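The structure appears below as structure tokens.
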Amino acid sequence: MKTIGILTSGGDAPGMNSAIRGAVRTALNKSMRIKGVRNGYDGLMKGDIYEMNISSVADIIHKGGTILGTARSLEFQTPEGQKRGAQILADYGIEGLIVIGGDGSFKGAKALSDLGIKTIGIPGTIDNDMGYTDYTIGFFTAIETVSDAIGKLRDTSSSHGRAVVIEVMGRNCGDLALYSGLAGGAESIIVPEHKFSINEIIAKMEHGRKRGKLHHLITLAEGVGDPYALANELEEKTGIETKVTVLGHVQRGGSPSAVDRLLGSAMGSRAVDLLAEEKTGLAIGYVNGKIIEVSIEEATSVKSVFDENLYDLANSLSR
Ligand code: F6P
């Protein structure tokens with residue numbers, strides 16, 4: 001394989017740039033050409049494609065976001081759009097494509113693979129909602145961002161004797177709320193994977209107050225429901241003033257953590273190795289400390305398993 005392409009798609013995630021750098025430099029080391037597709041599948045449909053060289057990825061390993069840009073494309077979701085996308089890649093001489101993104105991005109990669117473009121997926125999303133891999137690129141940086149915010153909210157909540165509901169991203173996956181809640185010492189963690197009892201949270205708030213605790217920090221995964229309705233109910237029933245902080249897109253930014261840089265570098269490089277071996281339709285993952293690959297079909301069908309032990313631990317430590 002002489003010429004490959006690379007794009008980032010869906011929500012950006014810190015560490016995507018490390019993966020781009022890993023792929024570009026590995027390709028150049030193998031004397032392959034590599035072209036960047038700007039703005040995901042949308043850019044592909046527009047032929048927004050440029051030749052990358054060693055300098056294209058200089059000074060980016062520490063940068064958040066994605067230097068390639070990302071976007072959603074309705075056209076590419078249709079069979080006609082996918083055919084056109086494959087033709088555009090062929091017109092640019094691109095025989096293999098690396099797609100960095102989440103579930104939806106991988107489905108697009110599979111479609112291109114079926115149309116004869118060799119494709120490899122790299123999991124990039126702060127949600128950690130892809131069951132075939134232990135971790136996705138961006139997840140650990142987002143945990144740092146959220147636990148840092150929890151620490152700040154702890155300060156002000158203690159000063160005012162308040163509770164706070166902190167809405168955390170993750171779509172339908174509670175991992176970010178769980179890991180950052182445990183790391184930040186949240187008193188209550190609410191995730192879509194578990195039914196929660198408002199009475200238990202109320203009892204915890206009242207128990208904490210009785211023993212002199214001034215704050216009560218609740219991480220609420222966005223997939224569960226309305227943080228304002230929850231805060232109102234808690235305030236009404238406990239008499240403890242309860243604020244809401246929706247962290248929003250701040251969770252997607254920031255310089256990637258060392259772990260995300262390592263994952264990105266290793267996965268980006270492995271993706272090129274696989275294309276050099278003429279492999280296609282594979283997704284790279286990280287399982288039990290090792291970089292692995294599975295078929296994209298498997299990657300998009302394996303359900304994410306929620307870590308019950310970690311959830312129990314977080315609950316047992318937060319008294
Ligand atoms: O998938 C990443 C993510 O940040 C989710 O956690 C969140 O639900 C969604 O993307 C937000 O999407 P957008 O950036 O399009 O608002």
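Any Cβ shown, glycine's included, is placed from N, Cα and C.
Remember, TrEMBL labels are computer predictions, not curated facts.
Same-site candidate for substrate binding, as annotated by TrEMBL with T125, I126, D127, M169, G170, R171, E222, K243, H249, V250, Q251, R252, chosen from R162, R261: R162. Record check, TrEMBL: ATP site residues include R72, S73, G102, D103, G104, S105, and the candidate from G11, G15, G22, G161 also listed there is G11.
Of the residues R84, R154, TrEMBL puts just one in the ADP site with R21, G22, A23, V24, R25, G185, A186, E187, R211, K213, L214, H215: R154. Calculated from their C-alpha atoms, the gap between R252 (substrate binding site) and G11 (ATP binding site) amounts to 8 Å.
Under 6 Å, Cβ to nearest atom of ligand 1: this is the test, and of the binding-site residues G11, R25, T125, D127, M169 it is passed by G11, T125, D127, M169. E187 (ADP binding site) falls within neither a helix nor a strand when secondary structure is assigned with DSSP, and so counts as coil. Cβ environment of G185 (ADP binding site): I150, R154, L217, L317, S318 lie under 8 Å away, each six or more residues apart in the same chain.
Between the two most distant C-alpha atoms of the annotated ATP binders (G11, R72, S73, G102, D103, G104, S105) there are 14 Å.
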